[in-house]
Amino acid sequence: MSTATASPGSSSSIAFIGGGNMARSLVGGLVAAGVDPAGVRIADPNAQAREALVADFGVQAFADAAEAVAGAGTWVFAVKPQVMREVCAGLAGAAQAGRPLVVSIAAGITSAQLDRWLGGGLPVVRTMPNTPALLGAGVTGLYANARVDDAGRERADRLLASAGATVWIDDEALMDAVTGTSGSGPAYVFLLAEAMEAAAVAEGLAPDAARTLAQQTLLGAARMLTESGEPPAELRRRVTSPNGTTQAAIETFEAGGFRELVARAVHAATRRGGELSAAND
Ligand SMILES: NC(=O)C1=CN([C@@H]2O[C@H](COP(=O)(O)OP(=O)(O)OC[C@H]3O[C@@H](n4cnc5c(N)ncnc54)[C@H](O)[C@@H]3O)[C@@H](O)[C@H]2O)C=CC1
Ligand SMILES: O=C(O)[C@@H]1CCC=N1
């Protein structure tokens, strides 16, 4: 959607069903990327959320999802997995009439479920973005069902690329692992930040100093990871002087089962994705 000048109702306009945290991040990315906000139509029952989206981005907002999707060529489903079935059922007639490209960002919910709930036979792209999308620094995994053609893939890719990097996944069964890795992943880093800050305070540092030290360390390390072209193990090796301070810390992490704990956490999130699919079918 790089510099689209979509007018409301034209097939190049985009409808968001759900205008919460993630939709807000994606809409911010689209508008920053040059998409005409007049062609972005958002449905949300929450009046405050609607007003904020209109004020902040100049998009159109509707209480009624059917009004938001009218004439839109791409429908982005951004409601919670728990209400997805009901929301889709309410739009099935319009979906069958309009044959939009369906894009979902919901955890767990499969492309087959979305297609079935919307009446069947539709091109569906199941995606999993993450909250750094707000800064254009997100990453999104995408899976397309067999009905999505090259133009549909391109449209979905452009939509999510305004939020950061995109990674296409061929096997939909792996989308729950994407959720467990990058969808939920920012929270793992925030937990590490909390733990580092608390540990620094416990060692006697002032809270504001502890926060700055932890935050800048994570920022600097993340930039080295993405900008140096070096694998993480090599970057770690360069910090770790023989018998030095880092070695003492890393040995403590390893003895405590850090890697296994991360693997268990990612697995729990991955498994929860499957449960969300089954529980809301
Ligand atoms: N928060 C995150 O880090 C990520 C969330 N997701 C997925 O994004 C989806 C939305 O999550 P959030 O934005 O975090 O939740 P949220 O609660 O901030 O947003 C959901 C929005 O849907 C609205 N809504 C409820 N019923 C509706 C209806 N019938 N029609 C239209 N809108 C309706 C709510 O008023 C709310 O504003 C979920 O499916 C989640 O799995 C995906 C990737 C990351
Ligand atoms: O916690 C969740 O279910 C959503 C999906 C990925 C991030 N947040």
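Just so it is clear, glycine is given a Cβ too, placed from its N, Cα and C backbone atoms.
Just so you know, TrEMBL annotations never went through curation; they're auto-generated.
Going by TrEMBL, these are the annotated features:
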- 14-108: domain 'Pyrroline-5-carboxylate reductase catalytic N-terminal' (DOMAIN)
- Ile17, Gly18, Gly19, Gly20, Asn21, Met22, Ala78, Val79, Lys80, Pro81: NADP(+) binding site (BINDING)
- 172-276: domain 'Pyrroline-5-carboxylate reductase dimerisation' (DOMAIN)
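Distribution of TrEMBL features across the structure.
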residue: Ile17; record: NADP(+) binding site; Cβ within 10 Å: 27
residue: Gly19; record: NADP(+) binding site; Cβ within 10 Å: 25
residue: Asn21; record: NADP(+) binding site; Cβ within 10 Å: 13
residue: Ala78; record: NADP(+) binding site; Cβ within 10 Å: 25
residue: Lys80; record: NADP(+) binding site; Cβ within 10 Å: 14
Could you break down the residues of the domain 'Pyrroline-5-carboxylate reductase catalytic N-terminal' (14-108) into DSSP helix, strand and coil, giving a count for each?
49 helix, 19 strand, 27 coil
Largest CA-to-CA spread of NADP(+) binders Ile17, Gly18, Gly19, Gly20, Asn21, Met22, Ala78, Val79, Lys80, Pro81, angstrom
14
As a quick check of your reading of DSSP, tell me how many residues in the domain 'Pyrroline-5-carboxylate reductase dimerisation' (172-276) are helical, how many are strand and how many are coil.
89 helix, 0 strand, 16 coil
